[in-house]
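Here the structure is laid out as structure tokens; the discussion comes afterwards.
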Amino acid sequence: MNGSRAWRLAAWLLLCLSCSAAVARKDSCETCTKLVERFHKGLENTAKKNFGGGNTAWEEKTLSKYESSEIRLVEIIENICDSSDFECNHMVEEHEEQIEKWWFKMKQKYPDLLKWFCIEAIKVCCPSGSYGPDCLACLGGSERPCHGNGFCSGDGTRSGDGSCRCKAEYTGSFCLECSDGYYSSERNDTHAVCIACNQACKTCNGPSNEDCKECNNGWVKDDGKCVDLNECASEESPCKDSQYCLNTEGSFLCKECDGSCSGCSGEGPESCKDCATGFVMLSGKCTDVDECDASEKLCLRENEVCLNTAGSYKCTCSEGFEDKEGNCVKIMETENPEITEGETGTPASDTNILNTAHEDL
């Protein structure tokens, strides 16, 4: 392996190790934070489990012994992690002595378990507004990371680089500049408020369409302000022949013509340019032609009638007839008389003989 290739491989391995360590530090802080939350939940559960019986004097006397007892700590720790949560169980096992130390010796002086355990004792988290192995202040300061307009990378963890991920309205390293589509209503060295431009503006320096620096798509400059461009007014429609154009603010919609139309300028049969097959123009709108009223008979089979439909017609068998092999034939009722209860199908003469024989016995 030549020297250049070996150097690149070493640099790649170093980068991978660095990334893995950063992820591990972030995950460790998340695990510790969750562990502390579960610990506080355990405090609530053990308090409810052992008290609240109504004997206040007895509870106060007993509580003073139980609330900081080893028994209570064991009950909490036994239920602090799910059995499948490897990271949580590993952290408890690795740092159980620290938890016991806080419980028996440090709790009164340092009541904030997250701060004492996660930040100061095992050093997997940072105070809010700081980041990285040394808990450096985020850009903009730990009190208002990213000047309150974004999120600090690694905030509260031992990972990240402290850079700002700005909210949609803001941009820049410190989240003090306004993004396209927003203008600055307040601004100083440490504070900025960005408000959305008028919908007509792509960029602006104020709230109205007269304050646009550049118009958004679908708007054009007219007399110093951005106004809606009516795409539907162009000579060539942006829609298909079977659709009409409907202008909207900054855009347009293509909507299907009425079924009676062959091309249209708007909604309904009165907006047809031409009528579709099966329709004729009457009183300014396309109306269905009733082909069944024509003098020439359209349905020629015996026992067949004509039914008008929108824009057409269909031939169907008359009531009481059905189509069989191209002919309308009468529907035959099936003869299937029901056998009444008690009937056996035995001939009457035989039945009488049987009855007679039975009577003779």
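Every residue, even glycine, has its Cβ placed from backbone N, Cα and C.
Copied from Swiss-Prot, the annotated features are:
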SIGNAL    1-24  signal peptide
DOMAIN    134-176  domain 'EGF-like 1'
DISULFID  Cys138-Cys152  disulfide bond
DISULFID  Cys146-Cys164  disulfide bond
DISULFID  Cys166-Cys175  disulfide bond
CARBOHYD  Asn188  N-linked glycosylation site
REPEAT    191-238  repeat 'FU 1'
REPEAT    251-298  repeat 'FU 2'
DOMAIN    288-329  domain 'EGF-like 2'
DISULFID  Cys292-Cys306  disulfide bond
DISULFID  Cys299-Cys315  disulfide bond
DISULFID  Cys317-Cys328  disulfide bond
REGION    339-361  region 'Disordered'
COMPBIAS  346-355  compositional bias 'Polar residues'
- Note on the structure: Nearest by Cα to Cys317 (disulfide bond), of the disulfide-bonded residues Cys138, Cys152, Cys164, Cys175, Cys299, is Cys299
- Query: Given the recorded positions Asn188, Cys292, Cys299, Cys306, Cys315, Cys328, which lie within 10 A of Cys152 (disulfide bond) by CA-CA distance?
  - Reply: none
- Query: Which Cβ among the disulfide-bonded residues (Cys138, Cys146, Cys164, Cys306) has the fewest C-beta neighbours inside 10 Å?
  - Reply: Cys306
- Other CB atoms, at most 10 A from the CB of Cys317 (disulfide bond): 20
- Among the disulfide-bonded residues Cys146, Cys164, Cys328, whose Cα is within 10 A of the Cα of Cys175 (disulfide bond)? Cys146, Cys164
- Of Cys166, Cys175, Cys315, which of the disulfide-bonded residues has the most Cβ neighbours inside 10 Å? Cys175
- Reported as an integer number of Å, what is the Cα distance between Cys306 (disulfide bond) and Cys164 (disulfide bond)? 75
- Can you check what DSSP calls Cys328 (disulfide bond), collapsed to helix, strand or coil? strand
- Message: Mean pLDDT for the domain 'EGF-like 2' (288-329), rounded to an integer?
- Response: 91
- Message: To see if you understand the setup: which same-chain residues, six or more apart in sequence, place their Cβ under 8 Å from that of Cys299 (disulfide bond)?
- Response: Val305, Cys306, Cys315
- For Cys328 (disulfide bond): intrachain residues, at least 6 apart, with Cβ closer than 8 Å: Arg301, Glu302, Asn303, Glu304, Cys317, Ser318, Phe321, Glu322
- Query: Which residue counts does DSSP yield for the domain 'EGF-like 1' (134-176) in the helix, strand and coil classes, in that order?
  - Reply: 4 helix, 11 strand, 28 coil
- One should report the C-alpha separation between Cys166 (disulfide bond) and Asn188 (N-linked glycosylation site), rounded to whole angstrom, as 17
- Task: Fewest other Cβ atoms within 10 Å: which of the disulfide-bonded residues Cys152, Cys292 wins that one? Let me know.
- Result: Cys292
- Is Cys299 (disulfide bond) helix, strand or coil when read with DSSP? coil
